[in-house]
């Protein structure tokens, strides 16, 4: 550390005085549903109500000089996080901040340019989960290499590696370098190790003032202590100012701080030296229990159910925050501490600030602007961001490679579809379609940028707070990564398609095509990236994306020729990059070509009509009157295109690209981690009458922090002494289910494969849990605690498991996974369900099918009583920012498992992680209560206080590598464990928490696994285990297996899951509104773009393309519905599938059925905005038939979208797959290539399997079949007859044969014969293989069949079972 000091020291210090922080006062808010959002009077009334301002931090003051550490303590909701955010100069989101904050001698405004030196580590762990630990830390340390290096280091790379290795070693996670960071859905390092990665990333900023918000969450006691010791050392050596808020801080941690500041309801009740805090509280009459955590004691004094008061002070002690503050304000200590507030005006502060500025200047690259808070050069920022961009791509190989492979397959299919397109008029549609698709598909693939933008945003906002790099560096890195990737993507597509289609066979033409396609793809990627950056919510961004994509496709020039665009929307063409690209590739292809007219485009043709002098082109744009051959340039001119525009358009596309990049940089630069008040309950509008106390309670907790608030639900603090009375079993206790089974595991080994070989995560672990036993599973971070729980609960799907896991001495029953409750570390719930709904859902699905519904619901009431959740039972689960708090969510997680009446045992993984001491004690108190009435409970726990640890009966202690170091009784206040370790050379010092002591001991160099295996306790434990297994096996099983994998029949599952999804969608107004808005806007766009189509030959194409455009409502809506589907699937796979709640078919059916009512509404709004606008037949028979098909299509594309999502690992992957699937369906529907011209390899099977074929067929028949056709002047084939014959005589044979569907308008003329290609729409449809009117109803029926069958099986995995 000393080697890393710069010549000038960065000793800054921070002082604040009269600091008050206010935010919008909101403890509960109503959540609208689909119907209530239209209650305009109510909404207007609420919007006019002036929002109440709530004081979050009230008149705080303090000073942390260089080299000092301040511990900020307070219950959740006290304002600790808000205080730290404001001290870290992060004020965005707060309504009002008053008072002074000084950094050295700088004001808060002056300090803004030193953003990277005043940093905050938040409680959230925001990372790219697929990157490894080393890649994550490499990036952070690269961005903070000083320009002037220490004398002992020669280059930036050496400094970066030295810094990285030091930080990894200091946090004890150097062994995880090649492991993914992971998150709740991506497997990676353990929770404690991930928290240490977060700490290292913050330390890598090499700042001067550090604010740490609950940064020991998820760390075991030993690692937490080591981390604070490390922070203490760095603070001392480097002269840092460290401000820390912690929950469940042990006394060893507490003693490392210089000062302590206690907040309660935002009021500062104590600020002073650490050693004076406890005597100060004792002096006011609050009793301290020997061995208790002093930090918890300091925050408990305002909690009536937790504090203990000296008898002689019962009538005089301060009862609330105001009285406590008032008492503190009168003390000499307050006056002494106030002397520090002049520090900013002192010579020391001025000198320190001057040195700080010089040191930062020396660190900063000279090429950066003077006011920039960054450290390394812009080139280094971009270079490092490019490396990370490729690491991100390569770390998720499936999402990167599979779409590329599918893209190539798509190219082969496309090439085969357009294979060897003729170089005459019959090939014009082929080539135009192929060129349009080349431009379109690559643009559609770019839509994934919107999803990717929102996935990356939280990490980028965090890095901006750390001043690691300029947002422009990230944007340019993406561009640099785009170029080779897009070049590869386009090349994989262009090579097969171009040469298989038989486009112009010259190198120059191919290179032009390739360059134009790359340019358009780059431009569209930049466009969608800009859209993603511009919006704060994904729903809004995807709504705009869907509409914009429809508009751009429609106005490319392929669906609507340039000359037929209506003026009110034709301007879209001129701002459309796709239009410029399409004109360029089309002009590149047809320039200089000679195109003979053939088949239907040559009138007359066939036997006896071979003289071109008496033939003419028909239906070909740009064809001169009477000509039988057309040049490519004439064809282009007919489309209002010109070859001279190719390179002009190329330049215009790149100008658009530059504009989109500038917009992306601008919007990305404005991303930030919003501070401000959050954390309030959300009440569904339909439950308003049941929860009025929640919404209007004036006394609801005052802490709108990012943490939970002890009172924000309007409930009294849990832990009422009456509840914990042991005077006899309560009514609740008597209603709780009791376990009778013995659960054992013996010789359990779990091995996984890693790049470096097999890795043993559990090594011959054994133990048991009996009814009435509360067992603790402990160990350092990464010791295998969660892994053991996963293996015991049968949740592992990979790796090799050996050993035995038995219930009552027998193999696990079929019903084990639903008979054992498992509360995972992460609280995964349906966010739009209420607490009661979540509990009832679990009870109804997981309790035995022999239990009546009434009794199941009564048991839910029992659990709500037990967990004291009455006041929040009708509030939405939501998120921690808007919904249940961390502790309330944890209670709900436990409740969801309890209501299932687990008949074997309950597993809990880190139930107290992230909670304050009081909340943690309440959770363990509940578990103790459960064990006391006969439940078997096994809990992993990280940082138990002495009083918490004393609640457990037994302990299984693991060391690194999943090795057992102790299994047995805890003893009274840990006496048995202490005796064991004392006897083996590690006695527990007096007044030391035994839990912290033993984890500290087993984390050392001594092999405690060997000590355990040689101990008499191990021998006795093995004998007891064998006895338990034999004894249980000799008796009838205590828990009878009903033989059912699921507790309820499939019909019940279907009803309950569908009901939950219906309720969820009813409340999901964003999703429903966006879906409806997309249909309304798309319908209007389609309708007004094809306004009142006429009856010319060209209008027949317009009929076709307006219907074809209707298909393109699907991509936008699918992109919107898939993330919702994947969120639900993640909930299902993370918890509900593992606990055997219900079958996948119930999951899929529930999602499908819940969508149906909204799909009907969507069909109605699209139909009403489109059908009559384009001028389709108004007769009820045809209009009704079209509506039926439109409705069926809504069902089809929803099924397709959900099926794609069901088989893809994530939302970005799904967005990449969508265009490929939709493109294949579009290809073979008979529009791009008519049936007769589809290659035989596809024609006889894929054409008939394509639902879009029948969709297009039915809609075309009903709208176009009976329409008369009237050719415009330029649409007639005009030619002369030989030897003075009349037109009728000359064409007699032709009109009987190939021209039977054409219309000769002047049969008696002898020259200038005028032939119209078609007489009715039916003649045109005949060329599309739609030969009769009944085809319409045939195809409509087949569309309905596809709608029913378009839903696919949800992917699922089997769990691993132990090998004996």
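Count begins at 1; order follows the chain as displayed.
Cβ from N, Cα, C; glycine included.
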Feature N-linked glycosylation site (Swiss-Prot), candidate list 214, 670, assigned to 214
Identify the transmembrane segment range according to Swiss-Prot, selecting from 1146-1166, 1272-1292, 1293-1313, 1314-1334. 1146-1166
Residues flagged as transmembrane segment in Swiss-Prot, choosing from 1105-1125, 1336-1356: 1105-1125
Write down the residue from 152, 1062 that Swiss-Prot flags as N-linked glycosylation site. 152
Candidate set 610, 1061, residue annotated N-linked glycosylation site in Swiss-Prot: 610
If you rank the recorded positions 214, 689, 781, 786 by how many other Cβ atoms lie within 10 Å of their Cβ, the lowest count goes to 689
Restricting the comparison to the glycosylation sites 152, 214, 610, 689, which residue's C-alpha is spatially nearest the C-alpha of residue 779 (ATP binding site)? 214
Using a 10 Å cut-off on Cβ-Cβ distances across all protein chains shown, tell me which of the recorded positions (152, 610, 780) has the largest neighbour count. 780
Looking only at the domain 'ABC transporter 1' (42-290), what is the model's average confidence as pLDDT? 88
Given the transmembrane segment (1076-1094), its same-chain partners at Cβ distance under 8 Å and 6+ residues beyond its ends are 543, 546-547, 550-551, 554-555, 560, 565-566, 568-569, 1102-1103, 1105-1106, 1109-1110, 1112-1113, 1116-1117, 1120, 1158, 1161-1162, 1165-1175, 1270
Measuring C-alpha to C-alpha, could you say which of the glycosylation sites 214, 610, 689 are within 10 Å of residue 786 (ATP binding site)? none
Measuring Cα to Cα, how far is residue 781 (ATP binding site) from residue 610 (N-linked glycosylation site) in Å? 87
What's the CA to CA span in angstrom from residue 783 (ATP binding site) over to residue 214 (N-linked glycosylation site)? 22
Consider the recorded positions 152, 610, 689, 782, 785 and say which one has the Cα lying nearest the Cα of residue 214 (N-linked glycosylation site). 782
Same chain, outside the transmembrane segment (1105-1125) by at least 6, Cβ under 8 Å from its Cβ: which residues? 444, 447, 450-451, 538-539, 542-543, 545-547, 549-550, 553-554, 559-560, 1068, 1071, 1074-1075, 1078-1079, 1082-1083, 1086, 1089-1090, 1093, 1151, 1155, 1162, 1166, 1170, 1174, 1190, 1193, 1197-1198, 1200-1202, 1204-1206, 1211, 1214-1215, 1218-1219, 1222, 1226, 1229, 1231, 1252, 1255-1256, 1259-1260, 1263
Distant-in-sequence neighbours of the transmembrane segment (435-455), which means Cβ under 8 A and at least six residues beyond its ends: 403, 407, 410, 414, 486, 489-490, 493-494, 497, 503, 513, 517, 520-521, 524-525, 527-529, 531-533, 538, 541-542, 545, 549, 552-553, 556, 558, 578, 581-582, 585-586, 589, 1115, 1119, 1123, 1211-1212, 1215-1216, 1218-1220, 1222-1223, 1227, 1232
Find the one among the glycosylation sites 152, 610, 689 whose C-alpha lies closest to that of residue 785 (ATP binding site). 152
Using Cβ atoms and a strict cutoff of less than 8 Å, what residues sit near the transmembrane segment (650-670) while being 6 or more residues removed from its termini? 460, 470-472, 474-475, 479, 515-516, 519-520, 522-523, 526-527, 529-530, 533-534, 577, 580-581, 584
Distance check, please: Cα of residue 152 (N-linked glycosylation site) against Cα of residue 782 (ATP binding site), rounded to an integer number of angstrom. 35
